[in-house]
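TrEMBL lists Glu74, Asp117, Leu119, Asp120, Asp247 with the feature Mg(2+) binding site.
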Amino acid sequence: SMASPALLMRVVASAYSVAEKAATIVRNIMAAGDLGIVEKTGANDLQTKADRLVQMSICASLARKFPKVTIIGEEELPTDEVTEELIEDGHCEEILKKTCPSQYTGIKEEELVIWVDPLDGTKEYTEGLLDHVTVLIGIAYGGKAIAGVINQPYYNYEAGADAVLGRTIWGVLGLGAFGFQLTEAPAGKHIIVTTRSHSSTLVNDCISALKPDSVIRVGGAGNKIIQLIEGKASAYVFASPGCKKWDTCAPEAILHAVGGKITDIHGNSFQYNKEVKHMNSAGVLATLRNYDYYASRIPNTVKQSLVP
């Protein structure tokens with residue numbers, strides 16, 4: 001008889017279906033027109049009905065299947081009973097058919113930490129920049145991001161009424177990443193992707209020092225990593241403390257699965273164990289290729305301003 005798939009592959013296969021359910025919730029709330037926006041710490045830190053319902057759906061669905069896994073979500077929510085219509089019980093059969101990398105076959109539930117950003121790019125969502133929005137489910141083991149799912153609920157939304165909306169990208173370290181066409185940025189071009197709504201003098205000084213050919217400003221960490229793996233940008237640079245562990249866990253796993261690199265602005269890797277502080281207080285530097293080129297050009301003044 002077939003051995004049952006390794007826990008990691010079962011978690012990723014479930015996270016895939018859970019993310020697709022999340023995308024449906026995101027689209028339904030937008031279509032209904034009442035986003036239920038509340039400010040958390042200010043006008044650039046928003047929460048919508050979608051953030052709340054999606055997080056409840058993701059966390060409750062995964063907790064029901066994998067009760068001993070630690071799940072950490074962005075939103076602080078009351079632990080109400082979640083209605084059954086928010087529960088997703090399915091899994092992606094195709095993921096279960098793939099072989100788990102041998103270093104992860106013995107993982108136990110209690111060793112996994114799942115970092116959830118139910119709606120990455122909330123501000124853009126409220127402004128109708130729908131292609132910026134992603135749902136992020138990152139899976140960590142031993143403090144490292146080892147697998148991730150990124151869903152883009154509105155992928156293809158400008159392609160017309162008949163277009164199939166949304167896509168799900170997923171990856172596992174040692175296995176690869178799937179659901180998109182891996183493309184490198186044009187050789188010799190320095191295209192930097194950075195924040196759209198959280199700019200500062202430091203953010204801009206850092207980018208200027210890198211002498212880019214062009215700068216793309218978009219919302220969402222998930223969206224920025226997609227720019228890298230699809231060859232639209234050569235580096236993601238964010239010299240600011242605003243990013244959190246749930247923003248980077250899933251994107252990191254996918255980027256690392258295809259040979260890219262993400263660190264803070266000092267070159268330190270991110271830690272994802274459950275005790276870790278949530279803020280990536282020393283910013284973000286990520287590339288698909290040529291990481292050292294960018295890392296070596298971050299000014300010391302910038303590094304001194306950002307304490308890990």
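Note: Cβ is positioned from N, Cα and C throughout, glycine not excepted.
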Near-site residues: Mg(2+), ref Glu74, Asp117, Leu119, Asp120, Asp247, CB cutoff 8 A to centroid: Asp51, Val116, Pro118, Gly121, Thr122, Thr134, Val135, Leu136, Gly220, Ala221, Gly222, Lys244, Trp246
Among Glu74, Asp120, which are binding-site residues, the residue with the most C-beta atoms within 10 angstroms of its C-beta: Asp120
Cβ packing number for Leu119 (Mg(2+) binding site), 10 Å threshold: 30
List of residues, in chain order, with Cβ under 8 A from that of Asp117 (Mg(2+) binding site) and at least 6 apart: Gly73, Glu74, Thr134, Val135, Leu136, Ala221, Gly222, Lys244, Trp246, Asp247, Ala250
Count of other CB atoms lying within 10 Å of the CB belonging to Asp247 (Mg(2+) binding site): 27
